[in-house]
Each structure stands twice: as C-alpha cells, then as structure tokens.
C-alpha cells in the first residue's frame with residue numbers, strides 16, 4: 001500500500017507496564033553515572049586547557065579612572081586547542097555599569113576563531129563556582145553574538161564596515177548578556193582592526209568548516225567517549241544506530257519493525273538511518289502548519305521578546321517596567337509557548353483517552369513536529385523527565401529527527417536560511433512544565449538554561465548540523481584520516497567539556513521524586529494499551545520544486561486511512577489567540593481531579609497566570625532585578641541542606657549497620673551532591689541569578705526605581721477618585 | 001444585655017459616616033453597568049463556586065478545631081456542623097446554586113447566625129459550599145420571577161467571588177424567602193443584631209489577646225533608652241483617640257509640648273516611634289499630615305519636635321520625611337487645612353513624595369481586578385487585562401516606598417518620618433512593610449502578629465470602616481482594600497525570599513479570610529480605644545488564639561532564620577506577580593494538585609525519623625562500647641552531631 005517513500009519520522013509506542021520497570025533500571029544507571037562522569041572529566045581535562053581562569057571581576061567602579069595608564073603587558077586568554085587569535089587591541093574599556101557613566105575596566109579585547117574575549121588588566125579575584133571551561137564571563141563565542149551596535153545605538157551589519165570604527169561598541173549576545181566597550185582609548189589602527197575583525201567574524205557569512213568545532217576537534221585528542229562501547233549504553237541514547245532504536249522499541253514495548261533502508265541516506269537526506277514501520281490502524285492526523293505559528297512568526301515574536309532583557313541603560317529599563325505586562329502580551333512569545341503546550345495536550349488526549357494514533361505533520365516535518373512530539377513524550381513518559389531520558393529524547397526527536405539546527409541557529413549568517421529559535425521554544429515549554437510540576441523532573445532549571453546557552457557554543461556536533469546525514473558526511477570529509485574514522489567531536493551531552501563535576505551537580509533537581517519501588521502485582525493491573533504517535537515529514541528540503549511533495553503523500557495517506565482530523569479549531573495561526581477547546585479543558589480538569597502521580601501523565605495548566613517568564617534565563621544578567629539573598633536558590637539551598645542532612649544520617653545508619661554486624665568499616669561516603677554544593681555557601685550571599693552571577697560585593701544598595709514619579713496615569717476614573725480624600729466623611733468630599 | 005448594648009454602639013458608630021456615600025453610589029452603579037456589557041462573557045454578574053475540594057480554603061472550616069472539621073466531612077447530613085453558639089436560622093430544600101465552574105447544582109441551603117451552608121447530595125463526593133456571612137458584601141435579587149417561576153439571588157463577596165442562587169417562587173407569599181433571612185444575618189450591624197464574634201465561645205489553649213504587649217515590644221527594641229521614652233500622655237486617649245495608649249517620643253520633649261504638637265497634626269496624630277535600628281539608632285516614626293493650610297501655617301513646637309527626632313540619631317544630620325501621597329494630592333490638602341512640611345520650616349529635613357494613591361483608587365483597582373479574574377480568566381490578553389487594573393502597579397509603588405524607607409534607615413542610617421493624610425492607611429502599609437524588611441523578628445509567625453497588632457490595630461487602621469463588618473451599606477466610600485494590599489505586598493516579599501519567613505502562604509490567606517469572617521474579634525472596631533471600650537479581649541476570641549493553636553499548619557518548612565539580615569525586595573514589575581493563591585483560588589483549574597510545601601514537609605519528616613533512628617543507634621552503641629571496650633576510635637567518635645547551617 002505504501003512504498004518506501006512513505007517515511008515515518010519516528011514511531012513512539014508507549015506501553016505503560018514496561019515503562020515502570022525500565023525506569024527502575026534507569027535508576028540503577030543513575031548511581032553509576034557519577035563515577036562515569038568523574039572518569040570523563042579527568043579525561044576531558046587532560047586534553048583541555050589549564051584551570052587558570054580567564055574571567056575578570058567587576059571591581060568597584062570608583063577605583064577605576066578612565067585616565068589610568070595602559071597596562072604594561074598584553075594579556076591573552078587561555079586559548080583552547082585549535083584556537084587562533086585573529087586580532088587584538090589593548091586599552092579597551094569595558095563598562096562595568098550599564099548607565100551612561102564612563103566607568104569600567106581596562107583590558108585587551110581579542111577576536112579569535114572561537115570567541116570575542118576581553119582580558120582585564122586587573123587580576124581576577126574570585127573563583128566562580130559555575131565556571132564554563134570553554135569560555136569565561138568576559139568571552140563571547142562567535143556564534144553567540146547576536147547584534148552589534150555602534151555609536152548612537154546604530155545597528156552594525158556586516159559588509160558595511162569601511163574604514164570607520166565607532167568609539168563605543170555594544171554587543172548583544174544570544175545568551176542575553178550585554179557588553180559595552182569603548183575603543184576610544186586604543187590605538188586607532190588596533191581599534192579599527194578589532195572592530196572590523198569582530199564584525200567580520202560575527203556577522204558575515206562564512207562556511208561551515210570555519211566553525212570552531214572543526215579546528216577544535218582536529219587539535220584535541222578527544223576521547224570520543226560516546227563511541228566507547230561500554231560507556232555509551234549508560235549514557236544518553238544517541239539514536240544513531242539500529243540498536244538504539246530497537247532498544248527504545250523494546251523499552252516502550254513497541255510493535256514496530258525497525259528498518260534500515262535509509263542507512264545510506266538515499267531515500268531522503270533527512271531520513272534516519274533507522275526507521276520504524278508501524279502497523280497503522282486507527283490514526284488521526286494533525287497538520288501543525290494549520291494551527292501553530294510558522295518558524296518566521298516564532299522568530300519575530302522572540303526578537304521582540306528578547307529586547308525586554310537586553311538592557312544597556314538603567315533608566316530605560318525602569319521606564320519599560322511601567323508597561324511590562326502589556327509589552328509582554330503584545331510580543332506574543334508566551335502565547336506561542338501556550339499554543340505549543342496546548343497542541344501537545346491535544347495529542348496526548350487523543351493517545352490517552354481515545355487510544356488513537358496521531359500523525360503529526362508540517363511542511364518540513366522537523367520544526368514544530370519536533371516540539372510537539374517531544375512535549376507529548378515528556379508528558380506521557382516519566383523516563384524522558386530524567387536527565388538521561390531527556391537527553392535521549394532530544395537526541396531522538398531533534399538530532400535524529402532532523403531538526404535543522406545549523407539553519408535555525410544560522411551560525412553561518414547565510415541570507416537564505418530561515419533562522420528561528422525553535423529549539424529554544426521547546427526548552428521554554430519544558431521549563432513551563434517543570435515550573436508546574438517540579439518534583440517530576442530530575443533535571444533542574446539551571447540545566448535547561450545551560451542547554452539553551454550551549455546551542456550557541458560552536459563546539460558540539462549536536463547543534464552544528466541539519467540532520468544525521470549532513471553530520472556524517474561532513475565529519476567524514478573533515479577527518480584528517482580520510483577513509484578512516486570520521487572526525488570525533490564532542491556532543492553537548494558530554495557536560496564535562498564545559499563544566500566540572502561540582503558545577504554539573506547543579507543540573508539535578510534536589511526535589512526530584514524517585515520512582516517508588518512498586519510491587520509487581522500493582523504493575524500488572526495496568527491495562528495494556530497501544531498508544532502511538534507518529535510523525536512524518538511532509539517534504540524533504542524546503543526548496544520550492546519539492547514543496548508539497550510529501551504533503552501529497554500525507555494527504556494520500558489520510559485518504560487511504562480515512563482518518564479524522566485532530567484539529568478542532570480552524571483558526572489561522574495569525575489570529576490573536578485560539579481559544580482552548582472545551583475538550584482540552586475538560587481533559588485537563590479530569591486529570592487534575594485524579595491523585596497526582598509524578599511518574600504518570602503530566603499535563604500543564606494553560607490559563608493565563610500559569611504561563612510565565614523563564615526568570616533565570618532572561619533576568620540573570622540584569623543587575624537591577626537580582627534578588628540578593630533571595631530567589632529560588634534560597635529555597636533550594638535549604639532543601640539541599642536538609643537533603644544533605646538526610647544523607648548524612650543515612651550514612652551514619654549504614655555505618656552503624658556495618659559496625660554492629662560485621663565490625664567492618666562501613667561503606668564509603670557517597671559523593672557530594674548538589675545539596676552540599678549549594679548548602680556550603682550561605683544562601684544569604686546568593687542571589688536570584690545563581691549560579692550565573694555571583695554577588696561579589698555584599699554591601700549592596702537596593703535598586704530604587706528611577707521613574708516612579710511619572711508612573712500611574714489614573715485618568716478616566718469615575719468621580720475622579722484620585723483627587724478625593726481618604727476620609728470618606730462628608731467634609732472631605734467637598 | 002451588656003452584650004447587645006455593645007453591638008448597638010458598634011452600629012451607631014457606623015451610622016455617622018453612612019450617609020456620606022452618595023457620590024460613591026454612582027461609582028458602584030457604573031461598575032454594574034460595566035458588568036452588563038460583559039454579559040456575553042459572564043452570563044450573570046453574579047455567579048460562583050467553591051467546589052467540594054475548596055473547603056480546604058474555606059475559612060470557617062479551618063476556623064474550627066480540626067476534630068470538628070473532620071466530623072463535618074464524615075457526616076452525610078445536610079446541615080453544617082455548628083460552632084458553639086451558632087444556631088440554624090432557616091433552611092430551604094431545592095435551592096439551585098449556579099456554580100460558574102460546574103454548572104447548576106440542586107441542594108439544601110442552610111443559613112445560621114454565622115454562615116451560609118449549601119450542600120448538594122447528588123454528586124459524589126457531595127458538593128459543599130460553606131462560607132461565613134461576614135464575607136458577603138451585598139445580596140441582590142436578580143430580576144423578577146423567571147419563566148420557570150424561579151427567583152434568583154446574587155451574593156457579592158468581599159473575598160473575590162460572587163455566588164448565585166435560585167429557588168422556586170414562594171407559593172405562600174407571606175413566608176419570607178431564605179434570602180431575606182440571610183440578609184438579616186449577613187448584616188447584623190444594620191439589623192441591630194450582634195456580630196457573631198461576640199457569640200463565639202470556643203476556648204483555645206492560648207489567649208491570643210496577650211500576643212501583643214506594647215511595653216514588651218518596645219523593650220525588645222531597646223526602648224526606653226537615652227533618647228526615647230514611653231509616654232503615658234495618651235493613657236486615656238485624650239491627646240489622640242485613634243492612637244494607642246503607649247507612645248514612644250523623644251526624651252527631651254515633655255508631655256505638655258506633645259499636646260501642642262498634636263494640635264498641629266491632623267487628628268492629633270503626632271510623630272511617634274515605630275521602630276529603631278538596633279545599631280545606628282535611626283528610627284522610623286509615623287504621624288499624620290501637618291495642618292499647614294493655604295496660608296502655610298507653621299508650628300515651632302512641631303519643628304522642634306522633628307528636630308528632636310533627628311537629634312536622637314547621632315549618625316545623621318538629616319531627616320527624611322516620606323509623604324506617601326502624590327505631591328498633587330498633598331498640595332490639594334492645603335485647601336482643607338492639611339498639607340506637608342515645607343523644607344524652609346523644617347531645617348535639615350528632606351521631603352519625598354511616594355505617589356501612592358488614595359483608598360478610592362485602590363478600591364476601584366480591586367473591583368477591576370475581580371472582573372478580570374472572576375469567575376474565569378479570559379484567555380486572550382491576560383497580561384494586558386491585568387495591567388489595566390493597575391493593581392500590581394499600586395503594589396509596586398507601595399513596595400517601592402517601603403524600600404526607600406528601609407534603604408534610608410539601613411544604608412543611610414538616617415531617621416525617617418512617614419505620613420500620608422491621616423496616617424492610618426498608606427502610612428501603616430509603609431511603616432509595617434519597611435519594618436518587615438528591616439527586622440527579622442517580624443518575619444516570624446508571632447513577630448508578624450505583633451507587627452499587625454502594633455502598626456495596624458493599635459495605631460488605628462479603621463478596620464470596621466474599611467471592611468464594613470456586618471454593615472449592609474456596601475457602597476460606603478470608606479471601604480477600601482488597604483489591608484489586603486498590605487498582605488499582598490507581604491506575599492510578594494515572601495515570593496522573593498522564600499526562606500526568610502517563618503509563616504507560609506496559608507497563614508496570609510487565613511488572616512485575610514478571618515478579617516472578613518467576623519468569627520474573631522481581632523479585626524473588629526477602628527481603634528484601640530474602641531476595642532477597650534467594647535471589651536473585645538473579654539468578649540471575643542482573638543484570631544491569634546486559633547492560629548497559635550495549630551502553628552504547624554502555618555509554618556514555612558524552609559524557614560531559615562537569618563536574624564539580622566535586611567531584605568531588599570526587587571520592586572520591578574518583572575518580579576511582581578498576581579497572587580493566584582488568593583485572587584484566583586476559587587477557580588479549580590488554578591489550584592495546585594499538591595501544595596509544594598507538602599514535599600518539604602515530607603522531607604523534614606524523613607529527617608526527623610532518621611535523626612531519631614541515629615540517636616537510638618547512638619545510644620545503643622554507647623551502651624555497647626561502655627560494656628566492652630573496643631578500639632580507641634570507637635564508633636561513637638564518628639557520630640558527630642549533624643551540623644545545622646541555620
């Protein structure tokens with residue numbers, strides 16, 4: 001009935017009884033994980049750079065006079081393997097305050113093939129707990145540069161730079177940091193060179209092989225731990241082999257056949273090496289193009305949204321505070337998040353309530369399909385809420401699923417590619433789920449924030465390619481040993497490349513509820529169900545002639561199967577906000593009345609106040625909104641402290657158990673957890689920006705809003721209430 | 001006899017201000033016509049809920065000892081479990097409650113002298129609506145008899161919900177509808193009946209009226225000291241009838257001068273100390289506006305007095321006067337004899353306006369907020385709708401004002417004087433919030449009770465007028481959610497500093513619920529003088545008696561006592577959010593399935609259990625090692641006491 005061209009992007013079969021057993025297995029793996037990570041980190045540091053920090057501190061601005069003598073010696077950051085300095089300028093002033101005062105730190109500004117780096121003349125003061133090994137707090141990976149502004153906040157675009165350079169350069173980063181440099185104290189020649197260098201390397205089109213990953217990997221004896229047979233199975237499932245898919249089918253008790261007809265990427269360049277064929281019976285289709293915003297809409301909305309957080313002027317910040325809620329509303333970003341979550345809930349409803357398969361499709365099949373299908377799995381399957389499970393999910397749905405990371409993040413600044421923060425949108429949705437159901441997730445908010453940053457670090461194969469085939473061919477071509485093994489690059493999941501073990505401890509959520517050990521009798525009572533969800537790409541590449549090619553296929557498929565459409569609202573994505581169908585609402589309410597099971601189905605509340613701004617990611621760099629001594633970390637540190645105590649007590653008990661029975665020295669103390677890391681520092685000294693910003697100067701002043709005076713416009717009040725006196729008595733009403 | 005007399009006087013105090021609100025009547029009618037334009041969205045202006053699960057939040061259930069609550073849940077009767085001295089006044093079968101979330105429910109409605117109780121037995125579990133009559137703001141008969149011969153009634157409640165009932169038209173036209181009975185008992189003050197707090201006779205282990213002892217609190221602050229003394233000049237409330245009897249004033253100002261200062265301050269509310277910094281001796285003082293008037297009158301006594309306040313703090317040669325009002329309003333007050341301190345007259349003083357609006361603006365803002373959140377949240381433009389109510393903007397201004405005060409005292413080591421017009425609304429908000437930021441004691445459960453008793457109750461925030469206990473005059477212009485706003489601000493700070501407060505969210509909700517419920521005497525009357533006169537401590541139970549009888553319910557399991565740590569909240573809109581757990585709690589969708597603190601409690605319980613087991617083992621081992629001397633490094637050595645970071 002269907003030939004090989006009916007391509008199933010992926011097939012997920014969820015079979016509840018099995019999942020519970022599997023998750024138990026996953027726990028065992030967890031406990032081994034620490035040791036593995038430790039091993040990895042030792043390997044990683046061997047090939048990495050030395051531990052010397054490359055960051056500088058914000059010394060109190062008063063101590064710095066702009067007339068200060070330039071430093072005696074030029075400094076370099078600690079370069080990574082394969083990193084080459086293109087150009088540099090000394091006596092560059094980096095502003096330490098975001099107001100218009102000329103206060104800052106002098107130092108050297110460099111541009112390498114990996115980053116823009118500022119090396120302060122001052123000595124670094126404090127070791128950061130949460131230090132990224134690849135780049136410091138004054139480094140910006142080239143792919144992380146978002147926009148560059150010159151004097152009078154004029155947007156700099158590549159190509160237009162001639163022989164001029166601005167005296168002040170503002171860099172907005174994709175991780176929302178804002179840097180302001182003054183070039184007016186540097187030698188003209190140097191200033192011109194560094195400015196042009198930065199603009200050229202950050203904004204102008206380049207070829208893929210110019211990305212730092214290639215020279216980095218050629219120069220690192222990267223152990224390639226993920227291909228090492230023993231470790232790979234205990235790590236993130238990469239979904240790059242038939243075995244991985246078969247394993248996953250087994251895990252979910254799927255009734256699918258894994259096929260490898262596409263092992264040479266011949267059917268479609270986007271297709272997987274391993275594809276599963278499903279036995280199609282009852283199927284609903286859902287065309288996301290009809291109901292969700294396009295990738296362009298997503299970009300547009302996000303561009304508006306991010307502006308609220310790229311703050312280079314305190315006065316402006318407080319001015320914008322007045323209209324904060326309506327601005328947030330108008331940019332539509334939260335609404336897009338809500339729509340994606342809602343769509344996922346609808347799919348879950350079909351799977352759960354109606355036992356039907358759902359076929360999600362869109363033109364391209366690798367943007368919103370990835371968002372929705374991964375969200376669905378996150379809601380249904382507790383395995384994906386563990387750290388390794390989540391990484392496997394991203395690997396399966398996004399990397400193997402052919403999300404065009406390279407084009408969507410537009411590392412190469414090519415004009416014909418559609419840039420769009422689709423993956424970030426997914427992480428935003430995950431964050432919402434995590435906020436609403438904290439204990440259900442093994443990973444922390446910090447983990448998600450770091451993951452969202454890592455997309456812009458051009459080192460990891462995870463985010464550098466458009467699909468598996470693309471990756472394989474490029475890594476093979478770039479390999480120094482042609483004909484032999486392809487170039488070995490780290491994936492983002494090898495967190496030891498970026499963070500040491502201690503920092504990685506912050507990736508886990510101390511409040512995660514481990515799956516309680518159930519007796520088997522309970523498990524057997526589950527009714528076996530066939531819950532399937534599949535999605536297929538409806539076109540290969542977005543080239544016009546091929547457009548709609550797979551759409552026809554899908555339509556054909558729909559016709560043959562006689563499927564019903566899932567969409568009940570036919571509102572176009574441009575319309576203001578689709579109303580939640582009453583069915584979804586009822587589904588949520590019915591779920592809500594059941595007892596909460598963190599290892600069962602999770603649904604998000606979609607009502608207005610429930611969808612919120614990801615504070616940690618967006619507000620972390622803004623000094624004025626840092627809650628010193630407060631924020632979620634205050635709670636976290638207390639929880640960690642209690643957990644630490646519980647562990648310590650448990651250890652004591654264990655030890656006693658040993659001494660009492662065998663007189664043998666008890667088991668070794670367990671490795672320190674995130675608990676200890678945070679608890680070790682008094683939470684009073686932490687801020688809501690933890691762990692990204694450390695509050696160095698505790699003698700702080702509260703941020704007093706500057707534009708309070710012209711604040712409220714209480715006009716058009718009935719009876720001119722504002723002019724009336726507090727005392728309601730007759731005399732005051734005169 | 002004595003009792004009913006006291007209630008009468010409560011009522012008569014009301015009547016003085018009651019005619020005042022002609023103007024506000026029109027504003028209420030505007031609000032009603034607003035509602036009818038929204039008819040498509042909300043079919044009826046009145047409607048409501050309280051689903052069976054929400055009994056968790058229904059104050060009266062909590063307001064009773066746990067055992068009784070349990071009985072209620074177990075019993076399958078149609079009547080409520082009555083409190084001591086509570087009696088059923090009327091009961092009607094086949095009443096329809098139109099719940100905005102579930103739909104029409106048919107059941108039995110009971111009205112007592114304390115509560116309204118509705119029970120629908122058709123559902124599983126049975127649906128119960130149980131609310132104290134004190135929360136009812138007004139009862140309205142909606143329309144005439146419908147085609148089905150039903151009459152419907154709407155109840156507008158003070159706690160951000162509306163309830164709608166319907167029942168068959170009475171065949172016997174002489175018989176009173178249950179809603180007429182309800183109106184009588186919902187507004188006892190207007191009907192010459194006693195407020196239920198005066199009847200309620202529950203006995204609690206602790207006498208909540210003893211929580212606050214002014215002298216003890218000042219002693220805690222180190223007062224009297226060389227600069228400040230406690231004066232008895234207001235012992236009989238003769239200098240100022242809205243102030244407490246204990247006042248703290250500068251040592252070198254004799255009582256006679258105080259009386260002359262009182263003449264220059266509105267309602268005689270002279271500047272008195274609220275809080276003193278334990279190290280710098282910088283103080284927070286509060287008062288009412290000076291009676292400057294159009295001619296710019298001056299008072300040498302008042303000027304000398306403020307100078308004395310400044311001199312009491314050796315660290316600073318400056319005094320900040322925070323006028324809570326917008327400058328325009330402060331200036332307009334000169335027309336009525338009031339005004340603000342001119343910097344010419346008050347040397348070394350700097351005047352700052354905090355731009356906080358008056359009680360009428362706040363009332364209007366809350367009315368809009370209720371429209372936005374109840375019964376359902378409109379899906380589109382939630383945030384814009386929220387912004388249009390200005391509610392959070394008002395919260396921000398109040399918090400910003402308190403932050404500036406706390407900053408001047410803490411960072412600037414400068415004394416501050418805070419006032420608005422009368423010094424009992426905005427001033428109370430500002431001083432109590434600043435004190436909450438400055439002094440960790442007020443962040444404990446008992447400390448917070450002291451703070452409320454001191455800054456709000458003893459300094460004469462007019463609860464009776466602002467809430468309108470038992471009074472049917474719902475359009476009274478004196479009503480305003482000033483205290484609710486303060487609690488909202490407290491909640492915002494607890495959100496930002498989740499480990500800095502000993503109490504939890506439920507504590508704040510409970511205080512608000514019982515402010516309306518009229519079950520406890522705490523929020524009755526307008527001033528200390530009235531409370532003494534009504535013998536409230538003798539005739540009513542204090543809310544703190546109830547709360548302190550089950551502290552674990554109200555305790556934040558993650559509380560870390562940072563003692564001397566000052567909290568500076570961030571007053572950006574980015575960090576303010578609508579208090580869903582209060583304003584939207586009737587909406588079942590917005591209710592969390594499992595309260596977050598539940599998990600923390602489990603964790604603490606686990607720790608306690610382990611601690612116990614370790615101690616047992618430790619004892620065991622000690623006993624053993626005592627009998628058989630083993631190695632030197634005996635296991636007992638390794639059992640170091642668990643280190644606590646607190």
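Just so you know, glycine gets a Cβ as well, placed from its N, Cα and C.
According to TrEMBL, the protein carries these features:
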type	residues	note
REGION	B:1-84	region 'Disordered'
COMPBIAS	B:1-20	compositional bias 'Polar residues'
COMPBIAS	B:21-31	compositional bias 'Low complexity'
COMPBIAS	B:45-57	compositional bias 'Polar residues'
COMPBIAS	B:71-80	compositional bias 'Basic and acidic residues'
DOMAIN	B:208-583	domain 'Myotubularin phosphatase'
BINDING	B:333, B:334, B:335, B:336, B:358, B:359, B:420, B:421, B:422, B:423, B:424, B:425, B:426	substrate binding site
DOMAIN	B:389-436	domain 'Tyrosine specific protein phosphatases'
ACT_SITE	B:420	active site, phosphocysteine intermediate
REGION	B:616-646	region 'Disordered'
COMPBIAS	B:623-646	compositional bias 'Polar residues'
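Known features from TrEMBL, placed on the structure.
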| residue | record | Cβ within 10 Å |
| --- | --- | --- |
| B:333 | substrate binding site | 25 |
| B:335 | substrate binding site | 11 |
| B:358 | substrate binding site | 25 |
| B:420 | substrate binding site | 28 |
| B:422 | substrate binding site | 22 |
| B:424 | substrate binding site | 27 |
| B:426 | substrate binding site | 30 |
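Chain A has a C-beta under 8 angstroms from the C-beta of B:358, B:422, taken from the binding-site residues B:335, B:358, B:422.
Note on the domain 'Tyrosine specific protein phosphatases' (B:389-436): DSSP counts are 32 helix, 5 strand, 11 coil.
In this model, the domain 'Myotubularin phosphatase' (B:208-583) carries an average pLDDT of 95. The substrate site in the record is lined by B:333, B:334, B:335, B:336, B:358, B:359, B:420, B:421, B:422, B:423, B:424, B:425, B:426, and its two most distant CA atoms lie 21 Å apart.
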